[in-house]
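Marked as transmembrane segment by TrEMBL: 37-56, 88-109, 121-140, 152-175, 213-232, 238-262, 329-351, 381-402, 440-462, 468-487, 499-523, 535-554 (among others).
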Amino acid sequence: MIRVISISLISYRLRERKRDSKKEGKRLNIWLKQQKTQIFCFLFLFLTLLCCKKMVPGIEKGSASVDSGHARLHELGYKQELKRDLSVVSNFAFSFSIISVLTGVTTLYNTGLTYGGPVSLAYGWLIAGAFTMIVGLSMSEICSSYPTSGGLYYWSAKLAGPGWAPFASWITGWFNIVGQWAVTTSIDFSLAQVISVIILLSKGGKNGGGYEASKYVVIGIHGAILLLHAIINSLPITLLSFFGQLAAAWNLVGVFVLMILIPTVATERASAKFVFTHFNSDNGEGINSKVYIFVLGLLMSQYTLVGYDASAHMTEETKSADKNGPRGIISSIGISVIVGWGYILGITFAVTNISDLLDENNDAGGYAIAEIFYQVFKSQYGTGVGGIICLGVVAVAIFFCGMSSVTSNSRMAYAFSRDGAMPFSSVWHKVNNQEVPINAVWLSAFISFCMALTSLGSSVAFQAMVSIATIGLYIAYALPIFFRVTLARKSFIPGPFNLGRFGILVGWIAVLWVATISVLFSLPVSYPITNETLNYTPVAVGCLFILFIASWIFSARHWFRGPITNIDA
């Protein structure tokens, strides 16, 4: 009898274990389905890193006794004045930190939700990412041949030929540097706004009597952030390199943590059908055409995927820059596209009511991602503290993004003034005892602060200023590529990284893409068109172009000769 009972108990336990195993298997399958996007991103990130490692030949240590970047800089006619101490990882880190998925996606998520919603967010990112990679490939090919801090304007001078060199470098250089100042302005102003939202939520939110910062408080925070960035960028390049790598690590880890944590904690989740197929046409802006709405939704993606020219501006401080500069550009774009898509999808799985997220009367004052973070934790734990901490993770990423942007700005200002293109050039191209262009650092921070002051007078004026960040920079990206595929089609001598026979085709696609987005982002974003709803992007960029042309005709053409060598090449 006891034996029968024992056998029965054993059989029962085996059946229980089998049922438990099935339950665990079902749970595992459910979890894998929920997390398949994140796993997909991890796998692609790993493959991208492997590809980047083998992308540029001759990068291995000990491949040359003399640094190839130093030798190439000497051939181009420049002394080695900046300390060449950056590794390929550090070079990549600066561009990756400026692209900063956490910065661009978080601050412009409202735009994506308004114009198209999940469809614009998910597919618009992939479209913009693919074409951005094409632009980056063309820039990398040129960077490999001309690894100097001047970057884009130097490339234009060399590729346009002796007759057009001064004018080409003048236009490219000014679009590049003003675009960079506008980028720094928008990044640090976005951080000031995020900090003000964190303060608001920490005090109970808009509906709980929280403190709402005035525009004067926001501009004060913005000024303090720029001051910190200028101080950090005054440090020796070795320390700055450490901060750059820390910034890249923070952005990378932060993206993965948030894109997994937020949908996991959420008590209500959107379906996969909603995330991949829902199109939000109820934007309240008087626009009904789905194609038009989708195009406007691309702004979030294209604004985020900008700033990777930092790898080119850091080449005079990068080891084997003719190889590692291109590697920095390509890897920063590729990895940003992959992890950015994962971040977008992860956050969108926590979206259940678009109109509530965009409502200016919600706890975060209409700041969509902040509201998502706050409500996800509040609904799960009864308090939104966890969401505020997540928003703090984003704020640190934006801080690092602005820091790297000032670094890139200062190197461009240093190189441009070295060639006499800026007022008081002799002041801005000086380096201190730590081989840092200290005056250029503080100039970049000061001008970015001045550009942000427009927000005190008019939000329209500030938006016009910020619009220069995307269009102005991409015009600067496209000009040297255009010269590469036209005037220098047969004379261009490629460096270690080159696209071979596909260089011309890739270059033309890049130029056409920039021309396309320049038109698209100049379109009205709201109807009917009034003084408040008019898109001032074409006005701002057009005024800049007229200013640059006028300064050339009436002054610069008489004395500016393009890049000036400071040694005998």
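Note that Cβ sites are derived from N, Cα and C of the backbone, with glycine treated the same way.
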Against which stretches of its own chain does the transmembrane segment (329-351) lie, if we need a Cβ under 8 Å and a gap of at least six residues from its ends? 37-38, 40-41, 44-45, 48-49, 51-52, 55, 92, 95-96, 99, 101-102, 104-105, 109, 112-113, 118, 121-122, 125-126, 129-130, 132-133, 136-137, 139-140, 143, 252, 255-256, 258-260, 262-263, 266, 269-270, 274-275, 304-305, 308-309, 311-312, 357, 369, 372, 376
Counting Cβ pairs closer than 8 Å, which of 121-140, 152-175, 238-262, 440-462 has the most of them with the transmembrane segment (468-487)? 152-175
Do at least three C-beta pairs under 8 angstroms join the transmembrane segment (152-175) to the transmembrane segment (535-554), pairs 6 or more apart in sequence? yes
Using a threshold of three or more Cβ pairs below 8 Å, and leaving out pairs closer than 6 in sequence, do the transmembrane segment (381-402) and the transmembrane segment (499-523) count as in contact? no
Same chain, outside the transmembrane segment (121-140) by at least 6, Cβ under 8 Å from its Cβ: which residues? 109, 112-113, 152, 275-276, 294, 297-298, 300-302, 305, 308-309, 312, 325-327, 329-330, 333-334, 336-337, 340-341, 344-345, 348, 474, 477-478, 480-481, 484, 497, 499, 503, 506-507, 509-510, 513-514
